[in-house]
Structures are given as C-alpha cells and as structure tokens.
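Below: one structure, written as structure tokens.
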Amino acid sequence: MCVLQLGWKWMQNLIVEVMWTQKEEQKAGINQNLRREEGKPNQQTVWRRAKKRRMNRRARGEAGGRSKKMRMRVRKNRREEERKLSIPGREQQRKTSQRRRSPSSCSSSSDNNSDDESMSEGEMARLKEEVEEKKKLIATLRNKPWRMKRRLKCLKEAQEFVEKFEGALGKGKGRRLYAFKVMMTKKLIKFNRDFENFKTACIPWESRIKEVESHFGSSVASYFIFLRWMYGLNLVLFGFMFGLVVIPELLMGIPYGSIPRKTVPREEQDSAMDFSVLFEFGGYCKYSILFYGFYNNQRTIGFLQFRLPLSYLLVGVGIFGYSLMVVIRTMARNANEGGDGGDEGNFTFCWKLFTSWDYLIGNPETADNKFASTTTSFKESIVDEQENLKDENIHLRRFLRLLANVLILCCLAGSGYLIYAVVKRSQDFAKRDRNELTWLQKNEVEIVMSLLGLVCPPLFEAIAELEDYHPRIALKWQLGRIFALFLGNLYTFLFALFDEVNGKLENEKQIKNQTVWALKEYYANYTLQYNITENIPPPNIAPADVIRGPCWETEVGIEFVKLTVSDIQVTYLTILIGDFLRALIVRFLNYCWCWDLEAGFPSYAEFDISGNVLGLIFNQGMIWMGAFYAPGLVGINVLRLLSSMYYQCWAVMACNVPHERVFKASRSNNFYMGLLLLVLFLSLMPVIYSIMTLPPSFDCGPFSGKDKMYDVITETIDKDLPPFMADIFSYASNPGLIISVVLLMVWLAIYYLNAVSKAYQNSNLELKRKMQMQRDEEKNRRNNKDSTNQVMKDLEDLLPNKSLIPPPSVEETEKPAEQPSKSSKVTGKPGAAASGKGVHVQKDVSLAAANPRAPVTRAPGPRQPGPLPGNPRGPPPGQGMGRGRGGPPPRR
C-alpha cells in the first residue's frame, strides 16, 4: 500500500510539473512573438543563440579535427563515399541524414549545396543513363502487360524522376546549353507528334473509308482507297496541265475572237449557245481552252517569252512519265506488304479474338464500327478456312472452267465486232447533215460502249459461277475478263477513230490547197492593181469568215470528252436506279408483297467491285489519251472523282449490303496497279503514234505549220542551244531509238521490282514452312510418346502376374505417369492422334482379354496429378494403383 501511495503521489507531481512547463512555454512563446513583432529580441533568445553557437563550435572541433586541413580531408572522404552510391540512394541518404541531424547542423547546408553543384563526370553519365531509361519506360509503358494501377504508378514515378534529375544535369558547366538542348528536344518531340496527327487528319476521306471497311470488308474498302489514290494522281496532273499550258495561254496569249482558231465560224454562231450543241461539246465549247485547237502556234508569248508549243508537248508527254513513275513507285512500296490477301499466319482466330478490340475507343459510333469490322474480319477468315478444307471433283471442275472461258471469249468477240460496226456507221452519219440525224444516231457510239460496259460484267459474273473459285481468285479472273472487254472495245474504237482521222487529213489537204490558191490570187490581183510587190497587207477578212480545216485533234478530243461524260452519266444513273430505287422497293414494298423481297428477287444490291475498279481504270486510260487533245479533260476527271467518292460512299452505306461471301482483299493493291500500268502503256501508244507519224492541222493548235509535232523540239534546239548540242540531239533523237530504249528501261525496272518482290515472298514462305515443320515435328514427338506409353501399358496387361515387369525406380515411384481413362471413347480414324498426326492406338481396342484382378494388399500410393488438357478424366485402364482405384474391393 505504501508503494502504491508513493507511486500515485509521484504521478500527480509529474502531471502538475508537465502542465506547469507547458504553460510557461506557452507564455514564453507569446512574449517572444510579441517582442519579434516589436523588433526587440528576447534576452532568453539571445542566451539560447549564444549557447547554440558554442555547442556548434564544440561539435565541429570534436568531429572535424583540430585544423582546417583535417576538416577538408574528412569532407573529401565523405564526398567519395557519396559518389559510390547511386543518385536516388544518395538523395534518400541525404534526406535521412538531414532528418537525423540536429538543428546545430544547419550551418553545414551550404557545404552540401556546394557538393551538389560539383558532381563528377561519372555521376553525370550515370544520371543521364537513368534518366534515359525512365524516358524509355514512359515511351513503352503502353506495351507493358501490367494492370492499369501499376502503369499509372510507374508512370508517375518515372515522370517525377525525370523532372527532378533532368535539371541536375544542367548544373555546373554547360548548364544553359544543356537546358536549351532539353527544351528543344521536348519541343521537337511535341512538334513531331502534332505533325503526325496533322498528317493523319489531312488524309482525305479516311473516316469515311474506315466506316465502309467496317461494314463491307476490306475488299470493298480497297476500291475506295484506289479511288482516293487516283484522285491524288489526277490532282497533280491537273496542276501540271493548267499551270503550264492553260493559264499561260489565258494570261499571255492572244485574246478570244482575234484570230480564226479562237472564233466561232459565222455559220455556227446562230446555234453556238443551244443546249443540244453545247451538250455535244460544239459551239463555244469547241473553240475554248478545253480543246487542242484553241492554242496558238506562236513560238514565244508574253513578256516572259514563254514557249507555249514546247511546253504543250513536254507536258503532254510528261503526264505519262510522271504517271509511270508514281505507279511503279507505289507497286514497289506495296510489294513489301506482299501476299495475295490470305492470312498465312498461325492461330488466326485466336489473334482476332483476343487482340482485335481497341480499348482506347471512347466514342459509341466508333465502337459500333469497330464491332462491325471485327465481325467482318471473322467472316473473311472463315471463308478462307472453308476454301482450304474444300474437297472437289477436279475433272468436272476443269470441264466447267473450260466451258466458262469459251463462253466469255464469244462475248468478247461479239462486243468488239459490235463496236467496230457502230463506229463505221457513225462515219457514214458524219457525211450527212447533222440536222437530219436523230439524237440516237449522233450518240450511237457512246451509248453502245456504255451499255456494253454495263451489261457484260454481270454476264461474266454469272458465267463465273460455273468455275467456283475462291472469291479473291474469282475477283481477279473477273477483273481480267472485264479488262479484256474494255481493252478490246477501246482499241476497236481507236482503230475506227484513226480511220476517220485519215479521212479528215485528206479533207484538210484539199481545204489547205484552196486556201493557198485563194491567197495567191489575192496577192496577184493586189500586185496588178497597185503595182506593188513588197509590204502587201493581208486580206481584210473577219476571223469568223475564214475558211477552216476540220482540225482532227479537236475532233478526237471531243470524242474522248463525250465518252468520259457519258460514262459518268451511265454510272450515276445506274447507281440511282439499280441501287437506290431497288433498295426503296425492297424496303417499303416487302410488307405487302407476295414473297420476301429481301431474301428473293430483287433483294438488296451488292457492291460490284470488279466493274467499278475496271471502269475507274479505263476511264483513267481515256484521260491519259485524251488529255493531249483536250487539256480540260483532266479538270473534268478531277470533278468526276471528287463527286464519285461522296456519291458512291453514300450509295454503298445506304443501298448496298455486304457480299454473301465476304473475303479479304489483298493487303496491297498491286493487282489494281498492274492493270493500271498496262493501261498506261496502251494509252501511250496512240499518243506517240500521233506525235511521230501524223501531221498536225495547218490552222489550229500549237503545232500548226509544222510537218510533225516533235519538230518543236528540233526548232528549240536549233535556235536556243549551241550548234554542237544540236548535233548531239540530232543523233540521239531518232524516234525508234528513243522509244525502244525507254520501253526497255521501263520493262527492266518492272522485272527487277517483280523479281525482288518474289524473292522476298519466297524467303518468307520458306521460313514459315520451316517453322511449321518444326512445330509439327514437336507435336509428332509428343503424340508418339503418348501412343508408345499406351502400347506399353497394354503389353503389361498381357504379362502373367506381371512377373517380367521390372521394379519401378525411385523417380518413377515419385512421379507416376499419367494414364488415360478406360471409359472414354476416341473419335476419329483408328491409329490417328487427336491432332491428326502420329501413331495412336484406340483405347477401346485391347490386345488380349483383361487379366483377373488380384486383391490389393499394399498401401495406397501417392495421388496422381490432374489430367492434361485434351486427356480424359477418370481412372486408367488396367490394374489399379491402390485401394478404391478401379479394382475390385479388397477381400477381408
């Protein structure tokens, strides 16, 4: 009790003392704050500061040594120890030491700051490496297979580390330069990122094409990608033609109405503005900048002395050169993507199932498009898999394919004969008065060619059903047949057209002779009347009254423009009637009709890939050929492609349905590019023929007054270049040599690119084949091991009382082998494993009758591990491993 009383009193005194001490400290703090505000320090504070200074001096004297040299040595040793530590550890140690350090160590903080500022080169290098590693972690953090919580934590720590220690690299020598380099690096990274985003945003119609691809597959989207590429090509050609030919003539040439070639003839002026005349590109359209005959033959025009005839010829040929370069470059770039569109990789469906979704999508519409795109890609892969597993009668299939090709050849021959006959009829109509002809007779050629391009592709598609190719291969055959159709029609048209040109040249010679005789008669009469032989003024005849030649170049240009415009009209009307009106009928009349309009006839239309692609390619061929005779044709084609993108995208999304067998398109459009390259060469030949062979018209165009069009080049060489250059060009400008060398170089380039592409594809296929062989060999090894174990188990059952079975080793006792279940049934062929490879004996087939089960008298063995994937569950056949494991109950 006494002890408790003493303890209680001691606690009371302690509590009272603590409370009194707190009150005194509170009073002292208040008085100190008041005196600080008044600017007068407290006497107690002065004594405390003096005491602290004495303690600091004593601590430095005890720890640092008795001299300045000793203190410097201690400081140097401490600095060396800190250098051995990593930078983050050093910082942590510094923080810990600062927390442990007493208030008396505040005076040494300046020394630590001086140590920070004087880092060695090794520390700087280590710090740079760690900062770069953190930056790489920030850049590649998205690819890490971590949880989002861990990613955010690592990102925050890495960013704090970079922000903290990146500034330390700039301390000391070269601080400003390093800070400037860091700032410029960050600015450059941000600029590159913004520029990439800007380039992506500047890709025209990207979102529209992605939407089409998500609903209709990559095969339909490949057409719109090709259409966008064609639009870019024609935009560049439009810039060349208008910038170097049309605009110089408009700004620096002779104004309209001053010379006969820029004036409507007197007999045509009354009907020059009629719609029927303008619709056929006659009247004022014929004598405008759209066509060849409008341009003057002056060697130089304007104050710039611009050589318009030379520019016209070089631009007309340069269009082909630029197009050839772009097409070959695109084919070479696409060759690396390679393949025929089939996915030759393994585990296709697993990759699509687990990696198709984009988890950064935040827009519901984008999510719907991505869902549709994933579904379509599964359909494409299923079609490829079905085609690989298809079994067919090869002899019947060959017969049907031969029959289909014979029918298609008959169609091609009939279409060519029809076009030739129609062009011959049009030549007969041209000799008659145009007022006596009907609209059908005037436009018979264009109508027949457009109708053949409209009717033959569906006919070819119906015949191709006999062949039963894979959809991708069937598309290539369809493209080739329509290509042959369009090519035959086009060249039949050209042959007939050049026959007409020869007739116009004969007519032009007669008109030229009449004009020459009229001028000679005028000069002779003027000389006799005024007795003057020099400085005779030309005849005062109005430009509209001058006798004109037929100007065959303008007539050829008009034919190409009419073909292009009629093709646009037929295409748009086909979409409007065949797709839109058909979709309206199916959509609104399906509820009140006798049969199901969606499932039966007429149903919704499918997008015709082959017809649209070939139409686009041959329309471009007509642009290449017609641009030399009608410079305004390139501008018309640019407007056509621009409107086609919006019009056809709307028609596909609103009126069409996906193909019944959705297939994957080629990862590169090289098949389309190959057809385009062939059309480019075929389009170049008529233009080269007219430049090198046919004489230009004498009263229209920039080459009038010359024997051949290429004489402009020789004239420029003779008048603008030194004489020795003229000799060199005269030897090198042999037309046969030039054409042969150009064609040889082009074909060599194509052969080289094709060979390189095939070599890369073959090497890739060989590597894939080797990898597949190794994988199959590994599977066979595993399956053979399993089947061998099964045979050995069955042989064990045949041995009497298992007297010949060797005793199991220690390892086998510890790790018993897994055995399949007796009750499970094996499906498939006998002797085939589950994967289709290796030797595998059926489990239901036994080599002999089962031995009688002996009673189990030993202790149960260790429990077996669970079955592997693909193996059945349940007890194994044969003698049990222990009590209650498949054998009879033990006898008691």
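Note that the numbers count up from 1, one per residue, in the order the chain is shown.
Cβ atoms here come from the backbone N, Cα and C positions, even for glycine.
Noted in Swiss-Prot for the protein shown:
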| type | residues | note |
| --- | --- | --- |
| COMPBIAS | 48-58 | compositional bias 'Basic residues' |
| COMPBIAS | 66-77 | compositional bias 'Basic residues' |
| COMPBIAS | 103-112 | compositional bias 'Low complexity' |
| COMPBIAS | 772-785 | compositional bias 'Basic and acidic residues' |
| COMPBIAS | 862-878 | compositional bias 'Pro residues' |
| REGION | 29-125 | region 'Disordered' |
| REGION | 772-791 | region 'Disordered' |
| REGION | 796-892 | region 'Disordered' |
| TRANSMEM | 235-255 | transmembrane segment |
| TRANSMEM | 275-295 | transmembrane segment |
| TRANSMEM | 308-328 | transmembrane segment |
| TRANSMEM | 403-423 | transmembrane segment |
| TRANSMEM | 444-464 | transmembrane segment |
| TRANSMEM | 482-502 | transmembrane segment |
| TRANSMEM | 616-636 | transmembrane segment |
| TRANSMEM | 671-691 | transmembrane segment |
| TRANSMEM | 736-756 | transmembrane segment |
Any contact, the transmembrane segment (275-295) to the transmembrane segment (403-423), with at least 3 Cβ pairs under 8 A: no
Stretch contact, the transmembrane segment (235-255) with the transmembrane segment (444-464), Cβ-Cβ under 8 Å, 3+ pairs: no
CB contact flag for the transmembrane segment (482-502) and the transmembrane segment (308-328), at least three pairs under 8 A: no
Dominant neighbour of the transmembrane segment (616-636) in 308-328, 403-423, 444-464, by Cβ pairs under 8 Å: 308-328
Contact yes or no, the transmembrane segment (308-328) and the transmembrane segment (671-691), 3+ Cβ pairs under 8 Å, gap 6+: yes
Residues in the compositional bias 'Basic and acidic residues' (772-785) grouped by DSSP into helix, strand and remaining coil: 14 helix, 0 strand, 0 coil
